[in-house]
Amino acid sequence: ADTNAPLCLCDEPGILGRNQLVTPEVKEKIEKAVEAVAEESGVSGRGFSLFSHHPVFRECGKYECRTVRPEHTRCYNFPPFVHFTSECPVSTRDCEPVFGYTVAGEFRVIVQAPRAGFRQCVWQHKCRYGSNNCGFSGRCTQQRSVVRLVTYNLEKDGFLCESFRTCCGCPCRNY
């Protein structure tokens with residue numbers, strides 16, 4: 001596992017030049033591969049995905065930017081979390097990750113193919129620890145949940161469906 005792996009998706013340290021690992025050549029290769037999937041579908045028309053006939057995209061393509069909403073990546077939408085009544089302040093932002101670390105800590109290129117019409121977005125719900133509204137006894141805890149995203153395997157020239165951790169909420173916990 002890579003020691004640079006951050007707590008949550010979209011927190012990858014840009015300072016290490018990691019963004020440069022996804023070169024224009026790699027981006028072009030991914031675009032072409034995604035275009036090929038779209039062409040296979042033979043489907044035209046709006047309202048449903050061009051990619052749903054492909055098993056990996058069907059299983060894993062739920063975070064298309066055009067349909068994903070902030071609440072899709074909130075913890076309380078996933079078992080075993082329940083919606084905590086007291087939550088410390090959260091900053092919410094969306095991102096389009098081009099790479100990340102899987103739950104197993106493995107570095108992956110995440111599929112982004114804007115030209116082919118497939119972009120993946122994840123909303124981060126990160127604790128703003130500076131303003132801790134949990135009272136005197138509680139503490140703000142960063143919750144994480146798992147999202148499944150389409151990745152691209154450069155060695156095998158193929159798509160995979162893989163799990164990543166994303167920051168999803170900040171319940172107050174008593175210790």
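Glycine residues also receive a Cβ, built from the backbone N, Cα and C atoms like all the rest.
The annotation disulfide bond is assigned in Swiss-Prot to Cys60-Cys161, Cys65-Cys121, Cys75-Cys168, Cys88-Cys140, Cys127-Cys170, Cys134-Cys172 on the grounds of similarity to another entry.
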Starting from the Cα of Cys134 (disulfide bond), work out which of the disulfide-bonded residues (Cys60, Cys65, Cys127, Cys161, Cys168) are within 10 Å. none
From Cys75, Cys121, Cys161, Cys168: disulfide-bonded residues whose CA lies within 10 A of Cys88 (disulfide bond): none
Need this for a regression test: disulfide-bonded residues Cys60, Cys75, Cys121, Cys140, Cys161, Cys168, filtered to those with Cα within 10 Å of Cys127 (disulfide bond). What's left? Cys140, Cys168
With Cys60 (disulfide bond) as the reference Cα, tell me which of the disulfide-bonded residues Cys75, Cys121, Cys140, Cys168 is the closest one. Cys121
What disulfide-bonded residues in the list Cys121, Cys161, Cys170, Cys172 lie within 10 angstroms of Cys75 (disulfide bond), counting C-alpha atoms? Cys170
In sequence order, which same-chain residues at least six apart have a C-beta under 8 angstroms from Cys65 (disulfide bond)? Glu96, Arg119, Gln120, Cys121
Cα-Cα separation of Cys161 (disulfide bond) and Cys140 (disulfide bond), in Å? 32
Quick one: pull the CA-CA distance for Cys172 (disulfide bond) versus Cys140 (disulfide bond), whole Å only. 5
